[in-house]
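Undergrad: Pulled from TrEMBL, these are the listed features:
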DOMAIN    21-241  domain 'MacB-like periplasmic core'
DOMAIN    285-397  domain 'ABC3 transporter permease C-terminal'
TRANSMEM  21-42  transmembrane segment
TRANSMEM  281-306  transmembrane segment
TRANSMEM  327-350  transmembrane segment
TRANSMEM  370-390  transmembrane segment
Amino acid sequence: MNVMETIRVSMNSLTTNKMRSFLTILGIIIGVAAVIAIMAIGNGSKASIKEEINKLGNNVLLVAPVMPMTEEEINQDTLPSFTWTDVEALEQKSSIAAMMPRISNSSKAAWGRYNYNATIVGTSASFYKAKKFSFAEGRTFTNDEMDKRRNVAILESQAAVRLFGGDTQNVLGRTIQIKQIPFKVIGVLNTQPVTNLSYSTNDQIYIPATTMMNRLGEKNITGLEVSAKSPGLMGQAQSDILESLRVTHQLKPSEPDQFQVMSLSEAAGAASGVDNIMTSLLGGVAAISLVVGGIGIMNIMMVSVIERTKEIGIRKAIGAKPRDIMIQFLSEAVIFGLLGGMLGVVTGIGASKIIEATAHMTIEFTISPILYSFLSSAGTGILFGVYPAYKAARLKPIDALRYE
């Protein structure tokens, strides 16, 4: 029997019971689809991180408290926090161009009948420079507004849409309510690209950090984002930050730093490393579905051998060799795997597109996981089809013909 004839007979056998064949390859479909979707999300996340770095530039430093490492430090349950004195001291450093301190909470923001649960960010007047934001209209906070803790607010683009119901023309000067406290809108930011690193939904509201601490009761600055004046001054800026924080926090020479400074590239590398680990773990879980699908193929092939025992006996009686029988059943198992792989690839791409549209995540397909998944599904068919094919090939013609 030639190759084309073997494939034709195998396809006829599989299409005899379409529902059983579909249920057999369902595990393969799910496994391949999951691998494709997970890898696409992981690749998209890495691409978003690179995009964020390119957008913000290579002169950005992130400052955060040193996390507790020993059991004693963990039991103390206290993290050092930034103060406004820290911010004012750092603003005097010649190596620093702009800075974005961050105090945030989630509060109800409202205007008339429109409201939503917004992320309120207390920050400095130069925050938009550190974040490379631009204004669609309006301005940033003045020194007077910062010093006198004025109730003024700057809206991200979607915050304006959500607060004003789409009526975003001439919003400057309107008064919104944050925690039932009135705030005057003085600026609206342009829409920012949504990336997996920033997790922004473009609906945050920015107010002076001094106002945040005085009016909304948030006292702790949780992080700083600092822009050095140039990439060449990154090292100097990092040293200036650590030195200044040691002075303002009155640390002794023998005491360790309470804060750590990382470049955006280092932070992105850490985030990418976590993404890689999660992608690998989830990919491994998804690959288990391929094994489950393979067991399903082996199970149905064993049933097929029993159901077609007499057919095997007749073929052997008219001259078919054990090799022909083995190739026949093995080809059916491989076709199961290939069909499951093809449908899984299509399903995975479709699921990824749905996730991209609904969750606003960046999805990126590469040929490697698609090819890997497709070949793995074919390999699964071979691996789990060998034993049933071997059993069929070993049947003796006389015993097979007697089988009822």
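Quick reminder: no glycine exception, Cβ is built from N, Cα and C everywhere.
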Undergrad: Mean pLDDT over the domain 'ABC3 transporter permease C-terminal' (285-397): what is the value?
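TA: Overall, the domain 'ABC3 transporter permease C-terminal' (285-397) comes to a mean pLDDT of 87.
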Undergrad: Counting only residues 6 or more past its boundaries, what in the same chain has a CB within less than 8 Å of a CB in the transmembrane segment (327-350)?
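TA: Those are 1, 6-7, 9-11, 13-14, 21, 24-37, 40, 293-294, 297-298, 300-301, 304-305, 365, 370, 373-382, 384-386, 388-389, 392-393, in sequence order.
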Undergrad: Please indicate, using numbers and ranges, the residues of the same chain that are 6 or more beyond the transmembrane segment (281-306) and have a C-beta under 8 Å from a C-beta there.
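TA: The answer is 13, 20-21, 23-32, 34-35, 38-39, 312, 329, 332-333, 336-337, 340, 376-377, 380-381, 383-385, 387-389, 391-392, 395.
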